[in-house]
Amino acid sequence: MSLVVLKLGGSVVTDKDEPETVDEAGLAAAADAVATLAESGRVVVVHGGGSFGHHHAAEHGVSSETGSHDARGVRAIHDAMKRLNDAVLDALADRGVAALPVHPLSAGARETDGSLLLPLAATETMLDEGFVPVLHGDVIAHAGKGATIVSGDDLVVSLASGLGADRVGLCSTVPGVLDADGDVIPEITAFADAADALGGSDSTDVTGGMAAKVRKLLALGAPAHVFGPEGLSAFVAGESPGTVIRGE
Ligand code: IP8
């Protein structure tokens, strides 16, 4: 059975301007989409932090680069993400989806060089047993740094390559990867296709992480679709909303 890894951006399921506030309409639409996907295949969901994780991460000075050994602060970030994860799980359960949590803090770690180690036994066995695993951006133990933030996007790349996903969806509030004029680039098959818009091949994270994201998605063996909430139902229907990133 085919496997889809779907990331729901934090800005899609939360109100980013109000601390710890779920965007009920956004979450309902996303949960409907996951329920439809789960009817015909295997699905892994990953959600971002939105107004839950990022607010606490800033308060405790933790980022993907800057770590902390303050367990109370690390827990505050993790607990906020668990509250959002509960809201996502509840919305899925209300639609009859057998969704279960997988918390990256308890499952994985980062090596000294920042690479992510994410053992997949729990996620894989849940899938085999008919569950829908729901992971989330989180704090994670990081060798030499205490704990740092792992973004949902990093989890998506690990999951999609480790589980051999057939399709990847990244739903955020941007309608796709945009060119220099602000138009959606329909297809990216090499970094050069988007290099101008993304700030050239030396760019790292200065454009909100899009350059780094495109590079990682190009390296996947599966097509990755980057789209906005308006593209969700088309993605579920097997179409290609937004930008498709397909490495050759
Ligand atoms: O929103 C970040 O996940 P993202 C999660 O996918 C936290 O970048 C804890 C801020």
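Keep in mind that glycine also has a Cβ here, set from the backbone N, Cα and C atoms.
Because TrEMBL annotations are produced automatically, they should be read as predictions rather than curated entries.
Note that the structure is predicted; figures quoted are calculated from it, not measured.
Taken from TrEMBL as is:
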BINDING   Lys7, Leu8, Gly9, Gly10, Ser11, Gly209, Lys213  ATP binding site
BINDING   Gly49, Gly50, His54, Gly152  substrate binding site
DOMAIN    3-219  domain 'Aspartate/glutamate/uridylate kinase'
SITE      Lys16  site 'Transition state stabilizer'
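Structure coloured by features recorded in TrEMBL.
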residue: Lys7; record: ATP binding site; DSSP (3 states): strand
residue: Lys16; record: site 'Transition state stabilizer'; DSSP (3 states): coil
residue: Gly49; record: substrate binding site; DSSP (3 states): coil
residue: His54; record: substrate binding site; DSSP (3 states): helix
residue: Gly209; record: ATP binding site; DSSP (3 states): coil
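Comparing Gly10 (ATP binding site) with His54 (substrate binding site), their Cα atoms are 9 Å apart once rounded.
Taking a Cβ cut-off of under 6 Å from any atom of ligand 1, the binding-site residues Ser11, Gly49, His54, Gly152, Lys213 reduce to Gly49, His54, Gly152.
His54 (substrate binding site) sits 17 Å from Lys7 (ATP binding site), counting Cα to Cα. Residue pair Leu8 (ATP binding site) / Gly50 (substrate binding site) shows a Cα separation of 10 Å. Calculated from their C-alpha atoms, the gap between Lys16 (site 'Transition state stabilizer') and Gly50 (substrate binding site) amounts to 6 Å. DSSP assigns Gly152 (substrate binding site) to a helix in the three-state reduction. In the predicted model, the domain 'Aspartate/glutamate/uridylate kinase' (3-219) has a mean pLDDT of 93. Among the binding-site residues Gly49, Gly50, Gly152, the residue whose Cα lies closest in space to that of Lys7 (ATP binding site) is Gly152. In this structure the alpha carbons, written CA, of Lys213 (ATP binding site) and Gly49 (substrate binding site) are 17 Å apart.
Around Gly9 (ATP binding site), the same-chain residues at least 6 positions away in sequence with a Cβ under 8 Å from its Cβ are His47, Gly48, Gly50, Gly152, Leu170, Cys171, Ser172, Thr173.
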